[in-house]
Amino acid sequence: GIPCAESCVWIPCTVTALLGCSCSNKVCYN
């Protein structure tokens with residue numbers, strides 16, 4: 001997928017999750 005410039009190491013994807021991004025390997029991907 002495409003990296004969404006947000007990490008999800010400590011907290012889940014927040015803002016980018018609204019854009020359809022999900023956590024994968026500690027990084028939010030679309």
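Placement of Cβ uses the backbone N, Cα and C atoms for every residue, glycine included.
According to Swiss-Prot, the feature disulfide bond maps to C4-C21 (among others), an assignment based on experimental evidence. Under 8 Å, Cβ to Cβ, and six or more positions away along its own chain, C21 (disulfide bond) finds G1, C4, E6, C13, C28, Y29, N30.
The disulfide bond annotation in Swiss-Prot covers C8-C23 (among others) and is backed by experimental evidence. In the three-state DSSP classification, C8 (disulfide bond) falls within coil. Long-range C-beta contacts of C8 (disulfide bond), restricted to its own chain and to partners at least six residues apart, with a cutoff below 8 Å, comprise C23, K26, V27, C28.
Here Swiss-Prot flags C13-C28 (among others) as disulfide bond, drawing on experimental evidence. Other C-beta atoms found within 10 angstroms of the C-beta of C28 (disulfide bond) number 24, with every protein chain shown included.
Under DSSP, C13 (disulfide bond) is assigned to coil, being neither helix nor strand in the three-state scheme.
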